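Trainee: So TrEMBL lists the following for this protein:
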| type | residues | note |
| --- | --- | --- |
| TRANSMEM | A:26-48 | transmembrane segment |
| TRANSMEM | A:60-85 | transmembrane segment |
| TRANSMEM | A:105-128 | transmembrane segment |
| TRANSMEM | A:135-153 | transmembrane segment |
| TRANSMEM | A:173-194 | transmembrane segment |
| TRANSMEM | A:225-245 | transmembrane segment |
| TRANSMEM | A:257-273 | transmembrane segment |
| TRANSMEM | A:280-301 | transmembrane segment |
| TRANSMEM | A:307-326 | transmembrane segment |
Amino acid sequence: MNNENQVAAKGAGAPPWVRAATKSPLLPIFGILVALIVIASVGSPHFLTEYNIQALVRDLAFAVLIATAMSMLLLLGELDLSVGANASLSGVLAGTLMVQHGVPAFLAFVIGALLGGVFGAINGILVAGLRLNSLVVTIGMTGVYSGIALVLTKGKAITGIPEEILFLGKGTFFGIPIPFIVAAVVLLLALAVLRWTPIGRYVYAIGNSAEASRLIGIRVDRIRVLLFASVGTVAGLAGMLYVARLGSSQTSIGGEWAINGIAAAVIGGIALTGGTGSPLGGAIGAAIISVISNLIVLFGVNVYWQSAVSGIVVVLAISLGSFSAMRRARRERMIKTRDAAAEPLKVGV
Amino acid sequence: MLLRAEGLTKVFPGVIALNDITIDVAEGEVHCIVGENGAGKSTLIKCLTGVYKPEKGRIEVSGEATTEGGVQFAAVAYVPQEIDLFMQMSVMENLFMPFERTGVTTPISYRALEERARPIIEEYGIKATPRTLVSELSVADQQLVQIARAVQHEDAKILILDEPTSSLTDDDATRVFQVVRRAKARGMGVIYISHKLDELAVIGDRVTVFRNGRSVASDYIENVDIDWLIREMTGRKLAWEQSFVPNSGDGDVVLDVRSASGPGFQDVSFQLRAGEILGFSGLVGAGRTELMLSIYGTTPLYAGEITVHGADGERAGGRSSRRKRSPEMSLKEGLAYLPEDRKRLGIFGGLSVAANTSMMSLSGFVRGGTIRQGTEKQAVLEEVKRYDVRFPTIDTAIRLLSGGNQQKVIIARTMMVTPRIVIFDEPTKGIDVGAKYEIYDLMRRLAEEQGLGVILVSSELDEIVYCSNRAIVMNQGRVVSEFDQPLNKEALVSAMFGHRDPIGNVNE
């Protein structure tokens with residue numbers, strides 16, 4: 001926290017990115033994350049151990065993957081509750097291909113991720129083509145995807161996933177768990193698309209007003225399907241990484257992913273109505289949730305209480321986000337009052 | 001005096017929103033307040049209704065000083081500009097909400113509620129039964145329900161109306177006036193805020209002009225005229241002495257519409273030339289917007305042909321007419337449409353001025369798959385300067401700008417794709433007087449300097465008369481008459497109500 005104050009004090013003399021960072025609406029939640037990490041390091045001797053950090057970062061990878069995907073959809077004003085079921089079905093299908101049909105493991109891994117994309121596209125086509133509400137559609141599709149997974153496996157795990165791909169879930173690269181590297185790449189990709197491509201801008205436009213977007217010729221439905229498909233692909237990828245981590249395909253994979261993904265995005269300042277925020281906020285939100293879960297275990301909270309405590313902390317974090325949003329809104333009202341007296345623009349300033 | 005506010009001052013960081021305002025309203029009086037957006041009208045309302053606490057000054061109701069918001073709240077009935085009703089509830093439920101305050105007891109007897117609501121509905125001339133859902137009413141009736149709800153509150157002595165007729169036709173506005181007169185007759189004091197200057201003479205007793213947080217002039221209605229009002233509001237002389245008709249209306253035909261029929265209009269034919277402004281006049285519901293949406297391609301065309309001519313006189317894009325049109329295709333052909341509902345269909349409220357400005361032309365800045373943000377920013381800055389958009393910073397969210405500046409951003413955004421035909425649908429709705437003239441001048445410049453064909457759909461006769469080279473009047477989905485300059489208001493009005501003008505050439 002001290003560090004931030006120093007940066008803020010430097011003010012105008014600092015390089016542009018520092019100034020942008022100090023003005024960023026993500027600063028408060030980033031502060032919360034830092035505070036949580038400090039509390040954890042001071043409060044528990046086990047937090048900063050290599051074993052714990054490894055486990056934490058590996059969990060975090062999956063949380064960030066799903067939070068990034070969910071953030072993109074929320075920006076568009078949609079959501080996908082079926083990401084978990086999608087991941088588990090993709091994992092089961094790919095697992096079957098590897099174990100029972102002898103498909104090369106790496107190929108099956110890729111097919112698994114792509115299948116996720118297909119399932120996502122199905123969601124998108126239902127939402128865009130039939131003008132259905134994405135909440136309702138994806139609640140339904142959750143049942144369909146997890147149901148198919150159950151039928152295929154009869155509830156049993158598919159074991160014997162080939163050794164050669166297990167490193168994708170369990171391995172590290174220069175000490176960093178591979179799933180985390182994948183998650184970071186996906187996050188950076190999402191940020192780059194949003195910032196530097198027309199499609200990214202259109203996502204924000206559609207989230208602000210789909211009708212206005214249509215009226216200026218943006219292909220709203222196409223972008224909706226594309227985003228649902230991308231999100232499905234990320235879900236499928238996450239599912240495959242999890243299969244590689246466990247060494248088996250299970251129908252239980254992804255149970256709470258969708259809910260945690262939405263919570264992470266909301267903590268990260270993404271409006272459920274769409275159009276404002278950044279997946280970076282969603283990723284920070286995911287990190288907050290992961291650190292809290294980790295803390296609860298480290299502090300030895302009674303196992304029956306864990307879910308309640310984690311819920312309370314998540315609601316607290318969301319409330320804090322809403323509080324800072326209210327403060328922002330108040331500042332904006334002042335700008336609006338001032339607009340009357342706004343000076344003509346001086347170009348070049 | 002029923003209400004007297006003396007020396008009200010309200011300061012926000014960096015701006016004095018209200019500067020030593022004194023205002024009063026007597027029993028049975030309608031006191032009109034006019035001023036541009038940001039002049040302090042809303043802040044005044046918020047002080048009077050107890051939302052804001054003024055830094056200085058006192059507010060008296062019936063001679064009693066009120067420092068607490070609560071006293072005022074009971075005496076002041078406020079009707080906001082935008083409809084603020086429970087859409088999915090019945091008229092009677094809306095009238096008596098909140099139930100605890102209107103003596104409706106639990107369990108609710110809907111029959112008793114209906115009995116209480118019926119005389120009110122009749123008194124206010126609301127076209128509905130007590131059990132009709134508010135969402136099924138016309139905007140005018142919704143507005144009347146709002147007023148009825150506010151007024152029938154027993155302690156209410158003062159009625160504040162914030163632009164109650166801004167989205168109503170003249171006919172429906174008359175119904176609102178009747179209700180206001182009834183409130184007057186009951187001895188209520190009415191504070192009436194409006195942008196429609198010509199209605200002040202109809203309904204007002206006194207008028208006060210606000211400018212930059214000050215009350216700059218106040219007089220009895222019979223002593224003032226529209227020129228005076230505009231002068232006081234803008235602080236400069238600006239009236240319809242100036243014409244905004246382009247002097248370039250004889251270019252080639254750029255848009256040819258033949259026997260077009262679609263949802264809400266039948267058998268419409270007209271041609272638009274480069275360099276002209278073609279006005280479309282008519283009552284609300286005459287089918288003008290519906291026609292434009294079909295031309296633009298958001299709604300289907302049942303029959304007829306629409307041809308956009310390219311710069312070389314050939315058909316743009318090589319296609320036309322019945323084949324399914326889309327906004328995308330229209331834009332490619334050089335036809336752009338600026339919607340009436342700016343807030344919902346025009347702007348992307350949460351995005352910055354810069355993002356809004358470049359949204360239609362992003363593909364032009366892409367090199368190697370990514371947007372060149374430097375080039376983009378440069379182009380955006382040039383364009384917003386050309387159209388004189390005013391804003392705190394280019395990264396400010398557009399919804400924080402005034403209506404006039406939002407409209408200018410939309411114009412800048414559209415011009416970045418260099419269209420040859422632009423359809424303006426009620427371009428100055430909800431925009432304050434000074435900015436209106438800037439929009440008119442922009443339209444004129446687009447036609448004159450850039451040779452655009454401009455279609456202006458407007459319900460304000462003055463706009464049509466002072467901006468258009470030619471005017472087409474529609475009634476019930478059909479073209480009734482077409483007029484050339486000099487345009488005559490009386491003839492336009494007569495045509496709006498369906499009378500074919502003997503001179504005007506019908507469906508040439």
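Note: Cβ is positioned from N, Cα and C throughout, glycine not excepted.
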Trainee: Is it true that the transmembrane segment (A:135-153) and the transmembrane segment (A:173-194) have 3 or more CB pairs under 8 Å, sequence gap of 6 or more?
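Mentor: Between the transmembrane segment (A:173-194) and the transmembrane segment (A:135-153), which are separate recorded stretches, there is no contact, as judged by 3 or more close Cβ pairs.
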Trainee: Which of A:26-48, A:105-128, A:173-194, A:257-273, A:307-326 shares the most C-beta pairs under 8 angstroms with the transmembrane segment (A:225-245)?
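Mentor: The stretch I would name here is A:105-128.
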Trainee: Cβ under 8 Å, sequence separation of at least 6 from the ends of the transmembrane segment (A:105-128): give me the contacting residues as numbers and ranges.
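Mentor: 78, 80, 82, 86-87, 89-91, 93-95, 97-98, 134, 137-138, 141, 145, 161-162, 164-165, 168, 220-222, 224-237, 239-240, 243-244.
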Trainee: Take the transmembrane segment (A:280-301) and find every residue of the same chain, 6 or more past its ends, with a Cβ under 8 Å from one of its Cβ atoms.
Mentor: 25-26, 29-30, 32-33, 36-37, 39-40, 43-44, 46-47, 52, 55-56, 59-60, 63-64, 66-68, 70-71, 74, 187, 191, 260-261, 263-270, 309-310, 313-314, 317
Trainee: Quickly jot the same-chain residues contacting the transmembrane segment (A:26-48) by Cβ under 8 Å, restricted to those at least six beyond its ends, or write none.
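Mentor: The answer is 1, 4, 267-269, 278, 280-281, 284-285, 287-288, 291-292, 294-295, 298-299, 317, 320-321, 324.
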